[in-house]
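Asker: What TrEMBL lists as active site, nucleophile is Lys177. The active site, proton acceptor feature in TrEMBL is assigned to Glu248. The active site, proton donor and proton acceptor feature in TrEMBL is assigned to His252. Here TrEMBL flags Gly10, Thr11, Gly12, Gly13, Ile14, Gly244, Thr245 as NAD(+) binding site. Per TrEMBL, the feature allysine maps to Lys177. Annotation comment: TrEMBL describes 56-115 as region 'Disordered'.
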Amino acid sequence: MDDIRFAVLGTGGIGRRTLEVSQHKDGLTAVAACDRNGVAVDHDGLDVDELLDATEGNIASGPQGGPGQSSGDEPRDSGPDEASGSTPATPTDDYASDGGAAAVEGGGVKQHGDQSGIVASEQGEPTETPIDDIIAESDAVDAVLLALPNLEHDFIPRVAERFAEADYEGVMIDVLKRSRVIGMLDDREGLLRESGITFVCGAGATPGFLTGAAALAAQSFVEVEAVEIWWGVGLKSGYEDNRGTVREDIAHLDGYDIETAREMSEDEIEALIDEHDGVLEFHDMEHADDVLLERAGICDAEDVHVGGVLDVRSDEKPTTTTVSVTGTTFDGETGTNTFELDDATSMEANVNGPALGYLKAGVRNNRAGHYGVFGPADLMPGF
Ligand SMILES: NC(=O)c1ccc[n+]([C@@H]2O[C@H](COP(=O)([O-])OP(=O)(O)OC[C@H]3O[C@@H](n4cnc5c(N)ncnc54)[C@H](O)[C@@H]3O)[C@@H](O)[C@H]2O)c1
């Protein structure tokens, strides 16, 4: 376990932090990274500090500029969007995969001069096919972490499929949020298994860290009645770098869906945030914690509720993140086990620490020959 070579797909708010956090973990060497416009590969290990410096305030989260604009790596012929029933944007509308940053000029892309994202790094090369370029190097990669946008629901499952079709053998891990995507990965399980891929899905904070916590908290019980996940995120200093995540969260608000959120301009997003004084509250979110707990046999998906509060104008968490699992013990008592995160731990710490922990768990499983699709709760004590 002291020699895991990994790649990061997407170096936005999450992917950059993944690289940074990996430097504080043993045995992880970042050997490849890409964003929509560029790729950096060094099998002896990327210079992560240089990459982070070059992409500081410059994360290519939107589509303008650079060769990736009509990239072969965009999702294609993906059919009707499940949330809205309408047809998603065409491949040339780059935001099909990551939101409507394209809707206003200059919106969503932060760049130094002409250099947007990874190509601003001396290790970066421009490319029109960033994901294919990583696939081409994947023989020498043990794990691939997907920090890609998920506004096009089948984007991540399709990326997984492409790795499998190229006979990649190793771990893939994502931090996606939406429940419905897990089924799309399950649909591809045969292909992933055949290739020798251990796919760990929904392995960020929620779903991910908190799903695992719920699975652990459930162990006191023989019957679980309810799982309540309530998260708080304060994002003032990280707001610019996490616009992709904020846009995806907006799709959970009443009156919005994935389609409307994807097509909002940056100005419209700002106006919405102003209307709420910078604080957005979410209830009954479609977070995959539900299906991930059900597929691990912990409880029914309908008994899992996820909500939370996002404050983009303060770094203080607006509410404490908790997971409460209510159930009945073998001897007839009813109780609630609660897991609470310290307010001092940031969203970035709670997504990327667990994501890299699950990545390592994935590698252990992969090396033991366990292939297929795993959720965070599958990597905890069984129920
Ligand atoms: N599970 C959790 O707890 C959790 C928490 C936060 C964020 N997330 C998820 O993490 C994901 C990433 O969020 P973010 O804030 O980093 O987004 P972001 O918009 O900041 O970054 C996305 C990155 O993907 C790259 N990209 C987009 N399309 C691409 C393509 N076709 N090929 C190659 N690269 C491409 C962009 O250039 C950018 O580097 C989102 O899906 C978000 O929902 C999950």
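Yeah, the Cβs are placed from backbone N, Cα and C, and that goes for glycine too.
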Asker: Under 6 Å from ligand 1 by Cβ, which recorded positions from Gly244, Glu248, His252?
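Answerer: Correct list: Gly244, Glu248.
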Asker: Can you see whether DSSP assigns His252 (active site, proton donor and proton acceptor) to helix, strand or coil?
Answerer: coil
Asker: Could you check which of the active-site residues (Lys177, Glu248, His252) sits closest to Gly13 (NAD(+) binding site), going Cα to Cα?
Answerer: Glu248
Asker: Validating a neighbour-count step here. Other CB atoms within 10 A of the CB of Thr11 (NAD(+) binding site): how many?
Answerer: 29
Asker: Hey, of the recorded positions listed (Thr245, Glu248), which one tops the CB count within 10 A?
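Answerer: The most densely surrounded of these recorded positions is Thr245.
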Asker: Whole-number answer please: how many Å between the C-alpha atoms of Lys177 (active site, nucleophile) and Glu248 (active site, proton acceptor)?
Answerer: 9
Asker: Which one of these binding-site residues has the most other Cβ atoms within 10 Å of its own Cβ: Gly10, Gly12, Gly13, Gly244?
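Answerer: Output for this query is Gly10.
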Asker: How many Å separate the two farthest-apart Cα atoms among the NAD(+)-binding residues Gly10, Thr11, Gly12, Gly13, Ile14, Gly244, Thr245?
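Answerer: Taking every pair among Gly10, Thr11, Gly12, Gly13, Ile14, Gly244, Thr245, the longest Cα gap is 13 Å.
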